[in-house]
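Enquirer: From Swiss-Prot, for reference:
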BINDING   Gly170, Asp171, Arg172, Gln173, Ile174, Gly175, Lys176, Thr177  ATP binding site
SITE      Ser374  site 'Required for activity'
Amino acid sequence: MQQLNPSEISDIIKKRIEKLDISSEAKNEGTILSVSDGIVLIHGLADVMYGEMIEFANGTYGMALNLERDSVGAVVLGDYEGLAEGQKVRCTGRILEVPVGNELLGRVVDSLGNPIDGKGELGNSLTSPVEKVAPGVIARQSVDEPVQTGLKAIDTMVPIGRGQRELIIGDRQIGKTAVAIDAIINQKHTGIKCIYVAVGQKQSSIAAVVRKLEEHGAMDHTIVVAAGAADPAAMQFLAPYAGTSMGEFFRDRGEDALIVYDDLSKQAVAYRQISLLLRRPPGREAFPGDVFYLHSRLLERASRVNADYVEQFTNGEVKGKTGSLTALPIIETQAGDVSAFVPTNVISITDGQIFLETNLFNSGIRPAMNAGISVSRVGGAAQTKIMKKLGGNIRLALAQYRELAAFAQFASDLDEATRKQLEHGQRVTELMKQNQYSPMTVAEMGTVLFAANEGFLDDVDVNKVVKFEAQLLDWMRSEQKELLDKIGPEGNFNDDITAGLKAALEKFKTTQSW
């Protein structure tokens, strides 16, 4: 055995110390205890924040959701098959963020903002946290500007304002998505940017929506955030929050945006799945206790902010402009049960709801909106002049018709006034029908509603009302373009326009017999 001198020992120690690599980076690392169904239990992560991104050994990211004394429960944002017990996990020190900005317009991205449309990488470096606190009361402004959906039934009876949350609720396959897509298509010339968030839908359905938006030239002002049925529950849970952050980019810079969540029922189911796997106590319908907060903190971010807020946010770059984010959440009911847990929650959070009914849809009334129980709590202040003036009579005519129609089933002989009201109501009901992907301008809607209110439809055969409307609008566009321009997108309405519309309709009625 070789003997070492004391001096040699000190030299060896010195060399070892010189070679020692002392890194200044302190890593907060933990170890995976278990992996199952996209949920990972981790031991040893000391300084982790709620909602913080954590990185796994295979490069996949996760999000910390359960912070317990001895362990951390996290959801994996992506594929979890490569993860195994004993692998190292490290904190990133960052809250989950997604890309935002104009570069996203026209693109299809996943819940993390990664492009999935095969059009290459995004060119921007601007990001925003997925979870943000909604603007306070002082930062907000009242809703007084309209969002035109282009659908007569909605713009007349349940008007939507910029910054409003209007729920679209109904059973499956009765046109909820169709209403939202028509609203997006109608924003082509309004400057409103749109975000369509697809949660838990078939990939074929999402592809069909994207194709329709492209066909109608609406993809240029739209971002599609897709979390399909095959995506992990964590991605379906995050998609609405990611889409909202993208919409807030426009709102906070003094622009207007519209976001559609299709649909929040599937997001609630995904969150229920995550919560049960994280062993959180189940409540009503096995949903966790904070499912109301899940949707309230999301929908409160849709708002109209005042000019001071925008100026402060942009450091004085944008002055004198208000911004808005309008939300159209969709909820799917089971057999028309609107008293279930999630539907009642979202009804109480939103500023109104559009009820779509199966029996109306099956009887050919599309959009299948029940005008009696559909309501807009704040949109009335945002309605254009012509719609406000004419819309009330339309709602009244439909309400009277519903009441009399039920009564007329049992009465054999009706007096003249009742019969007239019934016939008028039938024609107004027929007039509210509208084909998909054919939104109307404010001036066109105003003309048609004026015709109904002034009795120009009363001598038209019920089966010819739709034909009458189409031919009237074609005639107005060719013969009375100046009058339509006078009404304009602002919905102007005065004595001159009233006289002009009366004269035009009388002239049109003489062109052929109805």
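The chain as shown is numbered from 1 upward.
Glycine is treated like the rest: Cβ placed from N, Cα and C.
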Enquirer: Compute the centroid of the Cβ atoms of Gly170, Asp171, Arg172, Gln173, Ile174, Gly175, Lys176, Thr177, then list the same-chain residues not in that set whose Cβ lies within 8 Å of it, in sequence order, for the ATP site.
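Expert: Neighbours found: Glu332, Leu356, Phe361.
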Enquirer: Where Gly175 (ATP binding site) and Ser374 (site 'Required for activity') are concerned, what is their Cα separation in Å, rounded?
Expert: 15
Enquirer: Going by DSSP, is Thr177 (ATP binding site) sitting in a helix, a strand, or coil?
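Expert: In the DSSP reduction, Thr177 (ATP binding site) maps to helix.
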Enquirer: Write down the Cα-Cα distance for Ser374 (site 'Required for activity') and Lys176 (ATP binding site), rounded and given in Å.
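Expert: Counting only the Cα atoms, the answer is 14 Å.
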Enquirer: What is the interatomic distance between the Cα atoms of Asp171 (ATP binding site) and Ser374 (site 'Required for activity'), given in whole Å?
Expert: 15
Enquirer: Among all the protein chains here, how many other CB atoms are within 10 A of the CB of Gly170 (ATP binding site)?
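Expert: If we count other Cβ atoms within 10 Å of Gly170 (ATP binding site), we arrive at 27.
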Enquirer: For Ser374 (site 'Required for activity') and Arg172 (ATP binding site), what Cα-Cα distance in Å is obtained after rounding to a whole number?
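Expert: Counting only the Cα atoms, the answer is 18 Å.
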Enquirer: Name, in the order they occur in the sequence, the residues of the same chain whose CB lies under 8 A from the CB of Ile174 (ATP binding site) and which sit 6 or more residues away.
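Expert: Set apart from Ile174 (ATP binding site) by at least 6 residues yet with Cβ under 8 Å, we have Leu356, Glu357, Thr358, Phe361, Ala368.
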